[in-house]
Every structure is written in structure tokens, then in C-alpha cells.
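Among the features that TrEMBL reports, domain 'ABC transmembrane type-1' is placed at A:234-442. Taken from TrEMBL, the feature transmembrane segment covers A:35-57, A:236-259, A:279-301, A:307-329, A:350-375, A:425-445.
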Amino acid sequence: MTEILETEAAANDRRRAQVRKSLARRNGAETRFKMLGLASVLAAMAFVAVLFGNILMKGVPAFWQYNLDAEVYFDPAVINLPERPVRQAGQSEADFRAEMLGWQRRLALVNWNRLIVAAVENAGSGVEVDDRAAVSIIDSGARFVLRDMVAADPALIGQTVPVRLLLSADGDNWAKGKLSRDLPDNRQQLTRPARDAIDALIASGAVHPAFAWHIFTNVDSRASPASAGLAGAFMGSFYMMLVVILLAVPVGVASALYLEEFAPKNRVTDLIEVNINNLAAVPSIVFGLLGAAVFINIFHLPLSAPLVGGLVLTLMTLPTIIIATRSALRAVPPSLRQAALGIGASKMQMVFHHVLPVTFPGILTASIIGVAQALGETAPLLLIGMNAFVANIPATPLDQSAALPVQVYLWQGNENRNFFEERTFAAIIVLLGLMILLNALAIWLRTRLERKA
Amino acid sequence: MFAKTTSFLAIAAAAGVLMAAPALAQTRTNIQIAGSSTVLPFASIVAEEFGQAFPEFETPVVASGGSSGGLRQFCAGVGAETIDIANASRPIKASEIESCAAAGVTDIREIRIGYDGIVFASSANGPDFALEPRFVYAAIAANLPEGMAQPTLWSDIDPSLPAQRIVMAIPASNHGTREVFEEKVIFPGCEAVMGEGTDHEVCGALRQDNVTEIAGDYTETLARLASDSNTVGVFGLSFYEQNTDTLQVATMSGVTPSLETVASGEYPVSRPLFFYVKGAHIGVVPGIEEYVQFFLSDAMAGAGGRLEAAGLIPAPAEETAQTLDNFMNGVSVGQ
């Protein structure tokens, strides 16, 4: 009896020991796996941190540019202009417009640089600067700022007005310390008097950094690099996204609804399904080639137009939206459909009154993520001519335009260092900001609508 | 209901734009320019200033695509959907004039806007280079005379050169710059090393182990220099002048490249820059005549003008006057 008990106890002990031994091993494996997972997450986070840190470090300084607070005297001797024409009684519209054009033409021909030179000389740097050096300190777009001021209010002529003038790209680089001060004169962009004048004006407070709003309000510029902005590219991207939302979302959702709810299951629909999945995997540049061939060569749509870009991106986004919508529809329990049909709803009523409202959050998320993906797409746009230099804000989707990701590409290849260094990264920050905004919107809408549903 | 109405609206909108677009494309009111990426910065500056100076005209749109790409678009035909002006960093070829004529483009007006220098630059921290065409040829040519070993260091070629590994970044053949590089440096260097009258096919073959062909922009060449400080890169003079703090320039045959030495013809590696105007579009697309006059004005392409500040070497005033005369009198290089 005791013997048997003993052997049983021994066997139990043995078993326990065995379990304990294997438990340690299994727990060890779990810990190792958890550590491995954590390490991967940390590595991924580190990569993202390095990427974002790099972009922010290089791009954020571009949002502050140096300005000169100048007193500009609108010298009537320099601005030799007749009165701004006023429409006379009985004057025809065409005559008035011709007269106005003539006045604007004379306004454009005024030597605005003379006013800028005088303003720089009177800024109180105490450094003797010649005309060329004075002009090289201020962005060449300042001429048009002064001209537009006079065009808006001709009474300014003869007055002295405080105006904030943007420093030129070279001047800004020098003020920001991007160029080594040890370099000899022949390897500096600005002459010695110009550099000394900037230093003196910074010390006196007349030249100081200010937030560069013009990055958002100006169009791209090569003639005055310091005042180049993203407004044209932003509107181009906006119109393209409008086309994508208007076309890809309804067409994508409608095709998904038909395929999932109405279409018979046969070889043809199987083939369609396989093709949609394949289409989602087609590289985006192929859509660009297709767009160039079809929309531009056959339909003769204009080159570089946001409409064409939108159509190409629609083709690219469609499969994403169809696939996501179908999986959202598949997740609806069949009982819901059966209940609706059971109380006498038609198939159409079942889909639109019961199934679609439940899947709405999923469809919305899919659409926004599809649009965000389209917003960042560059390769197909290069093939339909959206990499042209356009110095206008497009008024309609048919006007020529740039787009945000293409602007990043164009600025990266620009020969001016303030473009390929910091401004490229500033454009990336704006683009990333928009993406994060769109994705946040998707998440917010989803949680809100899911709670409602 | 919601989905139904929106999809209907969208389809109607899509159909609407597709039908309206070709009609709108017929009446273009802005000048359309494409071509050489070397000319692009200059053309963009003039386009912007043109838009500011002429309130009655829209700002022209300038696309790149290289000299050949621009001329191909230019020769596609006459009409609002074809470009008005092609920028080129080389003269138009006879074959291009033929294909233009085949598409009905017969009135082609050539505008010579100025000159551009091509420089050899290395990292600012490295040693100085005093290059000759024959040194460059010996450094990167695949075919050398018998008995001459392929050099590894610049000092293997000539003791006056630094003992630095030979690495060069040169423009790929899609750039007009490559043609000038071959004509002004490689071929003369080849004749000096291999003897007069050597076949250009033989001269043009370059080594693969120490030459990188750059198809992209000069910023890509600059990135090569940053990653391997031994690299000697080929740049446009205007790009070098914007980046004098990181680059130092080599002399060629004893001449330092600068606006003055290129303009006087002392510096050997330079070329004229052009654009070509489609005569049939003058008077149809508004502003073409004014654009050409404005481009060639003293304030833009002239000495001391905006383009000189951007790195274009102005042509002599008489040459520019002749170019403008030819344009106004309708002198065409087409068939």
C-alpha cells in the first residue's frame, strides 16, 4: 500500500518537475518573443523618429525668413506716373480697359529698384553699399510688392511708408549662418559691404526673422527665390483631390455594392474580381503612362492640368476603394440582410436602408485613406507634364498647375541652395501635415460614426 | 438615396468635363514652352518677369524634358495643343527640321539667347586641379594608345596633377551638356593622345569603372561629390556660381572659367543656348512676339541684366540685335 502510494507520489513529483521544467522553457520562449516584438517596434519608431527629426530639423527653419523693416519713400521723381485712369461718363468698357492697361504698363516700367536702394541706404547700417550690393540684399520680388502698393493706392506717391521687405535668398542664407564666415570673398555669394550691412542691420534690429506666411500665399518663383511659395501647388493638389473624391468614391462604392450584393457569382464576376485585385498592385507610374496616352493623346486634354492628374489618380485609387468597400460589406452579418428581406424589403431597400448605413464608417475610412495616398503620388504626374514651371494659381481644374509632391521634386532639383536645402523640406512638412490631417479625419469620423451606428 | 444622387452627379460632372475640355483646349491664351533643363531656369525667370511686366498677357508655362524632348513636342504639329517655343542647349538638327516639316511646322525661328560655360568642379576641401582636354581623356577613356596603362590616380597621368583617385561624374546622353563635353573636351583630348583623325566612335568610348553618368539634375552630381570627395563633377557655370562655398573649379588649358573668360571665348568649354519659335503661332497665341523682344532686351539677356545675374553669359549686343532682326523679318531655319 505504502509502496504504491510512494510510487504514485514519486510519479506526481516527476510529472510536476517535468511541467515546471518545460514551463520555464515555455515562459522563456514567450519572453524572448515579446522582447523581439518590442525591439521591432522600437526599431520602427527609431526609423520614423530619425526621418521626422531630419525633415523637421531641415524644414522648420525655412518657415522663418529674415526681413528688413524699411522706410520706403515713394519718390515722385522715380515714379513718374500720370493719374490713375478713372472711367469717364460715356467711355466704353474697352476704351477704359485699354487706358488702364497703358497705366499698368507704365507702372510696371518704373525702376522700383531705385526705391529699394534708397530704403537700404537709409536703413542706418552705417556701411557704404553700392546700388548693386543694396539690390542683392533684398528679394527681387520686393519690386512687385511696392508696385502693387502703388497700384492699390496711388496716393502713396510722395509719402514715406514703413514696409517690411523680404531679404534675398543669399541674404537670408548669410543671416541664418548657413554660409561659413571664414570663406574668402571670391567664394561668397554676397559682396563684403552687403554682408557687413546685413550684420549691422541685424545688430540694430532692423533686420530680423519673421514667420514666412508667403510660403502659403505665393506661387513658385525662380526669379525671386526667397518669396517662392506653395499656393499654386496646393490649389493644383486640391483640384486633383476634388476630382478623385467626385469620381473615385461614388464609382468605387457603386462597383463594390454591385459586385457584392447584386452580381451573380460566376466566372465573369470572378474574373472581374481577380482583375481588380491585380489593378490594385499595378505600379502607379503605369497609370501615368496610360493617362498620357488616353487623356492627352486621344482626348486632347491640356498638359499639366489638375483634371488629367485627378483622372489618373482616380484610376489608381479605384481598386483600393472597391476592395476596402467590399470587405466592409462582407463584414455585415447575413442576419441583417435576411431580417430586412424577411419583412418584405426589396433588395435595393435592403442594401440602401440597412447594409450601407452600417458599412458607412468603413467606406469613409477607405475613401479618405485612398485620397491621402493619391495626394502623395508623384510618378504618374511627371508623365502628364505636371512638372512644368507654372507661376500662376490655377483658377479651374483645366488650368496648368503644379502639385505638392511634384513641387518637392522640382525644388529638390533647383540649383539655389535655399531650395534644395531647406525649402524642399518645408514643402515636405506641408505635405505630411495635410496627410496627417486627412488620416486623423478618417480616424475621428470612424470612431464617431461607429459609436452612432 | 445619398449614394445614388452623388454617383449620378459625379458621372454627370465627369461627362461634362470630358466634353468641355477639348473645346477649352482649343483657345489657349498663355505661351507654352518646353525643352532643355539648362535653359529652363533662364526661361522661367523671363516668363515670370514677362507676366509681371505685361499685365495684358498671362505668365507663360515652362516645362522641361531636355533639348530633344522639347524639339520633339515642338515638331508634333501646329495648333493649340502643341507648344509654341522649344528651349534647346544645342542648335536644331537637320533631321529635326525634316520631321518638323513633315508635321507642317515649316516656319521655325531661331533665337540665340547667350552662352553657357561647362566647368569641372571638385570638393572645396580637396586639392586644386589644372586640367587639359588630354588629361581628362586619358583619365576616363576606354581606348588608350598601346603601352599606355589605364591610370588609377590623376598623378599617373601627369605629375602636375594631385595624387587623388580618378572618379568623374559626367552628364548622361539625355543632356545637351554631354554633347558639348564630348566635342570640346573628349574629342580634342582624344586627338592629342591618340593622334589626329581618330574615329569619334573610338574616342567616345568611356571607362565604366570610374565614370558615373548622371541622368538627373546637377544636385544629383553635387550629392555624388558629397558622398565621395574624390569625385570631379561636370556642372554648368551658373550652378557652380550658386554653390561656390562647397565647390572649387578646375582650370581648363590654364583658363579659369568665369563670365568674362567664357564671354571672351578664352575658356574653351562653352556653347550657345537657343530657343525656337513656331512662326505659325505668332499672332494666334497672344504675346509671343513681345516675349521674344522682352527676352532679348537689355534688362533680361543683355549685359548686366537679370539673366546674367542668374549665370547666363550675354551674347555681344550686335549678335543679339541680329537675332532680333532675323526674328522680326521672319527668317526661318525650317524647310
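In case you wondered, yes, glycine gets a Cβ from its N, Cα and C as well.
Long-range contacts of the transmembrane segment (A:425-445) within the same chain, counting only residues at least 6 positions beyond its ends with a Cβ under 8 Å from a Cβ of the stretch, are 55-56, 58-60, 62-63, 215-216, 230, 233-234, 237, 361, 364-365, 368-369, 371-372, 375-376, 404-405, 407-408, 411. Among residues of the same chain six or more beyond the transmembrane segment (A:279-301), those with a C-beta under 8 A of the stretch's C-beta atoms are 307-308, 311-313, 315-316, 318-320, 323, 377, 379-385, 398. The recorded stretches the transmembrane segment (A:350-375) and the transmembrane segment (A:35-57) do not share 3+ CB pairs below 8 A when only pairs 6 or more apart in sequence are counted, and are therefore not in contact. Sequence-distant neighbours of the transmembrane segment (A:307-329) (same chain, 6+ residues past either end, Cβ-Cβ under 8 Å): 236, 239-244, 247-249, 251-253, 255-257, 259-261, 276-277, 279-280, 284, 287-288, 290-291, 295-296, 301, 355, 359, 362-363, 365-367, 369-371, 373-374, 377, 380-381, 384, 386, 397-398, 403.
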